[in-house]
Amino acid sequence: MEIVGCRAENNSCPFRPPAMLFHGISGGHIQGIMEEMERRSKTEARLTKGTQLNGRDAGMPPLSPEKPALCAGCGGKISDRYYLLAVDKQWHLRCLKCCECKLALESELTCFAKDGSIYCKEDYYRRFSVQRCARCHLGISASEMVMRARDSVYHLSCFTCSTCNKTLTTGDHFGMKDSLVYCRAHFETLLQGEYPPQLSYTELAAKSGGLALPYFNGTGTVQKGRPRKRKSPALGVDIVNYNSGCNENEADHLDRDQQPYPPSQKTKRMRTSFKHHQLRTMKSYFAINHNPDAKDLKQLAQKTGLTKRVLQVWFQNARAKFRRNLLRQENGGVDKADGTSLPAPPSADSGALTPPGTATTLTDLTNPTVTVVTTVTSNMDSHEPGSPSQTTLTNLF
């Protein structure tokens, strides 16, 4: 049986299926198929009407036809079917961008707003979620190396003197005033009232509560002790003064200034004492070699427990005293300080150590009653015609 069409009931859907040809199907089955097709067409019509509203998706907020929405980015009307809603504002898909890197945020999961500006995640955390450099006021990421001074943090390139822009590194001395960093030279000038012109030394002292401002080093802590001094005629103070009046029964000392800044401030002294066995070891070696090298200083440091710097200073002052006493001996023949005869310096040809074949005797140099007699070879006598064959080292120190 061939069916070309079917008759529609009154008040039924105006759907008209095209002419179809059915073979081997009874009339009852054909009628059921047509009714099912009409039911499905009505359901699809209701879904289409519910999902379309003014030509837009129902999931988006409805736009009033009287007052169309304006894009918060470009300010134009939104006539697209899809738009974005961020911080209670409507945006074109192409207009929601990061204000820093211009990255389109339509496909991003998150965006951030600050003072009316839109940021992506990276720029927001870079600018607002980390500490800022005290010099350039830009963000510092967690992976960057920084310099710290008091409560401030600086980029490595921003930690410079506010006057000469000299880059300050770890270990350099610097001063701070009103969150400004100065190198040592300009900070000393600032203390003396010569720089800057609008800030006098009296005002600086009144603001800081004293006449001196602290120094800092590159580690970000206040320099409590005396910083290592550079040779400057303005300071006029020796780094280390050897106590030349010491004897065997008194410990030697190294005098150091505590704080030389400013010059008008009263200085404090920190004294380094030597024990008797340390003095004996140093004096015994001084009798052999007046100028020990780095290897000898290392061995002496292990024996005495002193630092190489302290040993260098002691030998430096001992050589100076030896030369001074030698000049006194040449002029008067007798050291006026203790009234004892002094030995001549070792010959340059003899080397640092006693030559082979020379009988050398080292005893306790701290005992004033024992003398050390050294027999000098004939070549040394020819090089030093005025030097005696016997020298007394007991009262040298």
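For all residues, glycine too, the Cβ spot is worked out from N, Cα and C.
Just so it is clear, the model here is predicted, and its values are computed rather than measured.
According to Swiss-Prot, the domain 'LIM zinc-binding 1' annotation covers 69-130. As a summary of secondary structure, the domain 'LIM zinc-binding 1' (69-130) carries 8 helix, 16 strand, 38 coil according to DSSP.
If you look up Swiss-Prot, you'll see 131-193 marked as domain 'LIM zinc-binding 2', on the strength of sequence analysis.
If you look up Swiss-Prot, you'll see 248-272 (among others) marked as region 'Disordered'.
In the predicted model, the DNA-binding region (267-326) shows an average pLDDT of 87. Taken from Swiss-Prot, the feature DNA-binding region applies to 267-326.
Per Swiss-Prot, the feature region 'Disordered' maps to 330-365 (among others).
Annotated compositional bias 'Low complexity' per Swiss-Prot: 353-365, in sequence order.
Annotation comment: Swiss-Prot describes 378-397 (among others) as region 'Disordered'.
According to DSSP, the domain 'LIM zinc-binding 2' (131-193) comprises 8 helix, 20 strand, 35 coil.
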